[in-house]
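Q: The feature active site, proton donor is assigned by Swiss-Prot to E187. The [4Fe-4S] cluster binding site annotation in Swiss-Prot covers C66, C157, C288 and rests on sequence analysis. Here Swiss-Prot flags H96, H185, S317, S318, N319, S379 as dimethylallyl diphosphate binding site, drawing on sequence analysis. The (2E)-4-hydroxy-3-methylbut-2-enyl diphosphate binding site annotation in Swiss-Prot covers H96, H185, T250, S317, S318, N319, S379, and the record cites sequence analysis as its basis. Taken from Swiss-Prot, the feature isopentenyl diphosphate binding site covers H96, H185, S317, S318, N319, S379, and the record attributes it to sequence analysis.
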Amino acid sequence: MDTKAFKRALHQSDRYNRKGFGKTTDVSGALESAYQSDLIQSLRQNGYRLQRGEITIRLAEAFGFCWGVERAVAIAYETRQHFPQERIWITNEIIHNPSVNQHLREMSVEFIPCERGEKDFSVVDRGDVVILPAFGASVQEMQLLDEKGCHIVDTTCPWVSKVWNTVEKHKRGAHTSIIHGKYNHEETVATSSFAETYLVVLNLEQAQYVCDYILNGGDRDEFMTRFGKACSAGFDPDRDLERIGIANQTTMLKSETEAIGKLFERTLLKKYGPQALNDHFLAFNTICDATQERQDAMFQLVEEPLDLIVVIGGFNSSNTTHLQEIAIERQIPSFHIDAAERIGPGNRIEHKPLHTDLTTTEPWLPAGPLTIGITSGASTPDKVVEDVIERLFDLQRS
């Protein structure tokens, strides 16, 4: 499928919108009351620091809602204003934040039913409005919705669209796209749909395995057992790893994406030599600025003397998880929560340790003077961060 031609035709359709409906003023009040915070604004103006009693809060200097998320949520609110009577669907969570998605449900925005990973688009009728989330949607989903005669409102983050353009360049050059990401993450599913041939690697360990295979060959069946769910249909590691291009899920850890890119570059250089390297390897910077800024701010925060860190964001939020990883690497006690309600009653917290299920820790907050680091993922509203901070202050009074 010529994905570029399809996108061009879709963008010209009068049933497609990706710029909103000019109703920013109409929805600004609702957005401000639901998501903004005077307390957080005050923290920003006072060196990202706040002390009450024996608790000092130290807030990361880049955190929370990014521009792409703000844009997606605003367009979703505008869509309800523009189509007050129509049935509105969304193909997935608009962003990985439970409170934001709940607000959309309260606005009668319905979520496409999904069972065992399969979406049921039979519920969508001609003339319905369908919102594509900030992560984007696969080409196949867009094509299906277009054929159904739906009004498509596309809130895909422009940084994600940039990655799609990158993998289309890979395709035109007959390069396999090596995508650093989680193969079943919504964004990576969408990105891979624009590629002809692709392989998704989760981390540096998997990338090293692939590079060893490129240089030394190996057991093809073992390779496919390991990556069978993370590659394009008909993928052949003996054929499809001769020409590669690098892309990534925009929310991955910047340092790991860079390390993976350099590893593949060294591998192809070793195999084909400097004269032929450009024929066999393409590198593009598809790391999201907002993701990078939040990670850089977290690296700065963990250099301070902190007793613990609270990381706030959806449990399925990739960028939030990577912020937690930074705290763990520095051996700072960290607690990943998605809402203030996870704290209490009493000195108890329900949180999600890395790579495990939700757990409850009690007591979790040490006695005495404390300096607590706070950060949040790109899908977390300031209001949620405020609620967490206030809950922490409440604990010292209880």
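Each Cβ is built from the backbone N, Cα and C atoms, and glycine gets one as well.
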Q: Using a 10 Å cut-off between Cα atoms, which of these recorded positions sit near S379 (dimethylallyl diphosphate binding site): C66, E187, T250, C288?
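A: Candidates kept after distance check: C66.
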Q: Could you tell me the C-alpha distance between T250 ((2E)-4-hydroxy-3-methylbut-2-enyl diphosphate binding site) and H96 (dimethylallyl diphosphate binding site) in angstrom, no decimals?
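A: Checking the Cα atoms of T250 ((2E)-4-hydroxy-3-methylbut-2-enyl diphosphate binding site) and H96 (dimethylallyl diphosphate binding site) gives a distance of 14 Å.
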Q: Looking at (2E)-4-hydroxy-3-methylbut-2-enyl diphosphate and its recorded binding residues H96, H185, T250, S317, S318, N319, S379, figure out the farthest C-alpha pair and report it in angstrom, whole number.
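A: That value is 15 Å for the farthest Cα pair.
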Q: Per DSSP, N319 (dimethylallyl diphosphate binding site) is which: helix, strand or coil?
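A: Looking at the DSSP assignment, N319 (dimethylallyl diphosphate binding site) belongs to a helix.
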Q: Work out how many Å separate E187 (active site, proton donor) and C157 ([4Fe-4S] cluster binding site) at their Cα atoms, rounded off.
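A: That separation, Cα to Cα, works out to 10 Å.
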Q: Taking the center of the Cβ atoms of H96, H185, T250, S317, S318, N319, S379 at the recorded (2E)-4-hydroxy-3-methylbut-2-enyl diphosphate site, which other residues in this chain have a Cβ no more than 8 Å from that point?
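A: Other same-chain residues near the (2E)-4-hydroxy-3-methylbut-2-enyl diphosphate site: I95, F135, E187, T251, G314, N316, T320, T321, G377, A378.
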